[in-house]
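Undergrad: Reproduced below are the annotations present in TrEMBL:
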TRANSMEM  A:6-25  transmembrane segment
TRANSMEM  A:77-95  transmembrane segment
TRANSMEM  A:116-133  transmembrane segment
TRANSMEM  A:153-170  transmembrane segment
TRANSMEM  A:182-201  transmembrane segment
TRANSMEM  A:247-269  transmembrane segment
TRANSMEM  A:281-302  transmembrane segment
TRANSMEM  A:397-425  transmembrane segment
TRANSMEM  A:445-463  transmembrane segment
TRANSMEM  A:469-490  transmembrane segment
TRANSMEM  A:502-526  transmembrane segment
TRANSMEM  A:538-563  transmembrane segment
Amino acid sequence: MSQFAINLLFVGASFALYIGIAIWARAGSTKDFYVAGGGVHPITNGMATAADWMSAASFISMAGLLASGGYANSTFLMGWTGGYVILAMLLAPYLRKFGKFTVPDFIGDRFYSNTARLVAIVCLIVASVTYVIGQMTGAGVAFSRFLEVSNTWGIWLAALIVFLYAVFGGMKGITYTQVAQYVVLIIAYTIPAVFIAFQLTGNPIPMFGMFSTHTESGIPLLAKLDDVVSALGFRDYTADVDNKLNMVLFTLSLMVGTAGLPHVIIRFFTVPKVADARWSAGWALVFIALLYLTAPAVGSMARLNLATTVYPEMAGQVENYEEAVQNPILYEERPDWVRTWEETGLISFNDLNNDGRIQMYNDAVDYSERGWEGNELTVNNDILVLANPEIANLPGWVIGLIAAGGIAAALSTAAGLLLAISSAISHDLIKTMINPKISEKGEMLAARISMGGAILLATYLGLNPPGFAAQTVALAFGIAGASLFPALMMGIFSKRMNSPGAVAGMLAGLISTLLYIFTYLGWFFIPDTNTLANTPDNWIFGISPLSFGAVGAMINFAVAFAVSRVTAAPPQEIQDLVESVRYPKGAGMAVDH
Amino acid sequence: MADDKTNAAEYWKANVRLIFGCLAVWAFVSYGCAILFRPLLAGIPVGGTDLGFWFAQQGSILTFIVLIFFYAWKMNKLDQKFGLGE
């Protein structure tokens with residue numbers, strides 16, 4: 001059976017499974033559509049949250065970024081897991097006690113103002129759409145490779161499938177399908193990692209293998225990797241970073257963004273009790289950590305495998321790296337996986353020095369004395385996880401499995417986000433603010449239309465994304481962290497925080513963050529409209545656009561605090577409301593409207 | 001009613017104290033060990049690299065999990081102690 005057929009078989013079988021579950025658990029009422037009837041066990045909910053959470057960015061893109069950035073990109077690992085700690089302690093239990101469906105619900109009621117609700121809706125939509133752009137980028141990579149079409153076709157196909165899928169069922173369909181997706185994606189991620197860790201180090205557990213001895217060279221794997229990449233002019237894989245401020249802020253942005261992203265928070269409305277919201281966050285992190293602890297091993301081993309594929313003489317014990325880099329493979333003898341990925345346009349070769357060999361190195365360093373005239377192999381970071389089993393010569397079914405996993409990751413998150421967007425529009429905007437008399441049918445129709453609109457916009461922007469999947473997603477976190485997280489947190493922890501303060505804070509956080517991002521990455525992410533080049537020299541205090549969310553959040557806190565002190569305190573019933581969300585006692589099911 | 005209020009205020013205070021403690025550990029392992037103090041931990045080798053690198057890619061994540069379960073467990077006890085559980 002050809003690889004193409006195997007991929008189709010795996011992807012098709014996993015789809016049949018999800019659709020089967022979605023039909024079995026089809027949403028009946030609007031309440032089922034949004035929160036799965038409020039009766040999901042913490043472990044089930046944790047697993048579904050993990051699937052919701054681990055998107056194309058985590059599955060497809062993150063290991064690639066770790067591979068290219070090494071230690072410096074540990075920010076993604078810490079940021080996307082550490083956020084759960086603040087979520088579990090600062091938000092989830094109280095929002096569960098509050099007992100409404102959506103994030104704008106909380107902000108609108110807590111700040112007793114439809115202006116606050118509207119600003120929250122805008123923040124939510126901007127963050128979620130940015131996030132979906134990242135998903136479409138990642139899903140496009142997966143679809144283009146496994147269906148053997150161009151990247152553009154891959155993105156449009158992914159858009160169609162995500163749309164059908166999210167429209168099918170609401171939260172309930174999604175909760176149980178997401179449990180299935182978690183199982184598929186975690187198996188798909190870990191199996192190749194186990195094979196590769198065993199091949200390279202003899203230790204089948206990736207998180208230990210990464211710190212073990214590299215069998216072929218007899219030195220520790222990470223030390224070997226440092227030697228190999230520095231021979232090609234790159235920074236050491238484990239090298240420390242100089243700009244610690246940016247690294248701290250980037251990690252913080254991802255953490256507060258995790259706690260501020262509506263599609264994750266919404267998950268904690270679905271557990272039966274307040275205590276379960278705390279446990280759910282813990283279980284979610286356990287299931288997420290299974291992938292996140294494996295990802296650094298996948299990244300480092302893929303980087304080593306890629307380099308030794310191109311430069312076979314670097315694989316074993318090397319006396320002199322200067323000699324070992326002399327004979328990279330001939331382009332004519334390139335492995336099959338390079339050929340297949342070339343068709344997607346995500347790997348390209350350009351024989352600059354016309355020697356028929358592939359020179360892959362950091363061409364910021366001048367290696368003309370080696371006869372090299374520039375880097376000749378361009379490899380898109382986002383393909384690394386998907387190509388990993390092929391690079392390591394693993395059997396065909398492993399490749400099929402990873403195809404199914406990558407697509408599951410992108411689908412589950414995109415669906416969760418579309419749900420958050422559609423509920424913000426149909427429930428918070430239309431039903432609560434514009435037309436309270438809208439019928440259930442009308443509300444569902446509005447939800448589906450807004451899903452369609454969101455996905456079209458995200459797909460269009462996904463064709464020319466502002467970065468690799470994980471970087472685009474990081475921007476979404478910055479936006480959510482700078483706008484929604486501070487408002488939610490102050491709504492719970494400060495009785496004195498009032499409506500003008502929260503509104504001014506959210507606007508200041510959102511606008512400052514967007515301005516900073518658009519200045520470097522293009523206005524509304526439209527390519528080539530950026531005001532300043534996106535290089536470290538141009539960044540204010542060396543803070544990258546990806547890291548600015550943390551600064552935006554600080555601006556939000558400061559503005560909100562200042563404005564609330566010079567305006568009237570919130571009315572007594574609001575202060576009582578804040579009091580009541582602080583204690584689990586008396587939490588019912590999520591309140592119907 | 002007055003008793004209820006003091007009781008509730010005590011509970012909230014205990015909760016906030018616990019959160020501060022947990023977040024101190026949270027910040028120490030991630031921003032501390034993994035980023036800012038990495039140069040100080042450079043002398044402690046872990047499989048081909050140093051302890052700071054291990055904290056950045058493994059240790060901090062493991063600590064986060066322990067922290068959340070610890071917090072959930074402690075809060076359950078607080079809920080019972082103050083009679084504010086469900």
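Keep in mind that glycine also has a Cβ here, set from the backbone N, Cα and C atoms.
TrEMBL annotations: computationally assigned, not manually curated.
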Undergrad: Go through A:116-133, A:182-201, A:281-302, A:397-425 and flag the stretch with the largest number of C-beta pairs under 8 Å relative to the transmembrane segment (A:469-490).
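TA: Out of the listed stretches, A:116-133 contacts the transmembrane segment (A:469-490) most.
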Undergrad: State the residues, same chain only, that lie 6 or more residues beyond the ends of the transmembrane segment (A:397-425) and have a CB under 8 A from a CB inside it; answer 'none' if no residue qualifies.
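TA: Residues packing against the transmembrane segment (A:397-425) from afar: 3, 6-7, 9-11, 13-14, 18, 34, 51-60, 101-104, 121, 124-125, 128-129, 131-132, 135-136, 138-139, 141-143, 145-146, 158, 161-163, 165-166, 170-171, 174, 177-178, 181-182, 184-189, 191-192, 195, 262-263, 266, 385-386, 388-390, 446-448, 450-451, 454-455.
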Undergrad: Counting Cβ pairs under 8 Å that sit 6 or more residues apart, are there three or more between the transmembrane segment (A:445-463) and the transmembrane segment (A:6-25)?
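TA: With fewer than 3 qualifying Cβ pairs, these stretches do not touch.
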Undergrad: Go through the chain and flag residues at least 6 beyond the ends of the transmembrane segment (A:116-133) whose CB is under 8 A from any CB in it; none is fine as an answer.
TA: 55, 103-105, 107-108, 110, 257, 260-263, 413-414, 417-418, 420-421, 424-425, 428-429, 432-433, 454-455, 457-458, 461-462, 465-466, 472-473, 475-477, 479-480, 483-484, 487, 499, 502-503, 506-507, 510, 514, 525
Undergrad: For the transmembrane segment (A:502-526), find every same-chain residue at least 6 residues outside the stretch whose CB is under 8 Å from a CB in it, and list them.
TA: 107, 110-111, 113, 115-116, 119-120, 122-123, 126, 130, 133, 461, 464-467, 475, 478-479, 482-484, 486-487, 490-491, 532-534, 538-540, 545, 548-549, 551-553, 555-557, 559-561, 563-564
Undergrad: What stretch, picked from A:182-201, A:247-269, A:281-302, A:538-563, has the most CB pairs under 8 A with the transmembrane segment (A:77-95)?
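TA: By Cβ pairs under 8 Å, A:247-269 leads among A:182-201, A:247-269, A:281-302, A:538-563.
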Undergrad: Need a quick answer: max count of Cβ pairs under 8 Å to the transmembrane segment (A:538-563), which of A:182-201, A:247-269, A:281-302 is it?
TA: A:247-269
Undergrad: Residues of the same chain, at least six outside the transmembrane segment (A:281-302), with any C-beta under 8 angstroms of its C-beta?
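TA: Residues 42-43, 45-47, 49-50, 53-54, 58-59, 62-67, 70, 74, 77, 80-81, 84, 87-88, 92, 182, 185-186, 189-190, 192-193, 196-197, 200, 206-207, 209-210, 221-222, 225, 237, 267-268, 384-385, 388, 391 contact the transmembrane segment (A:281-302) from elsewhere in the chain.
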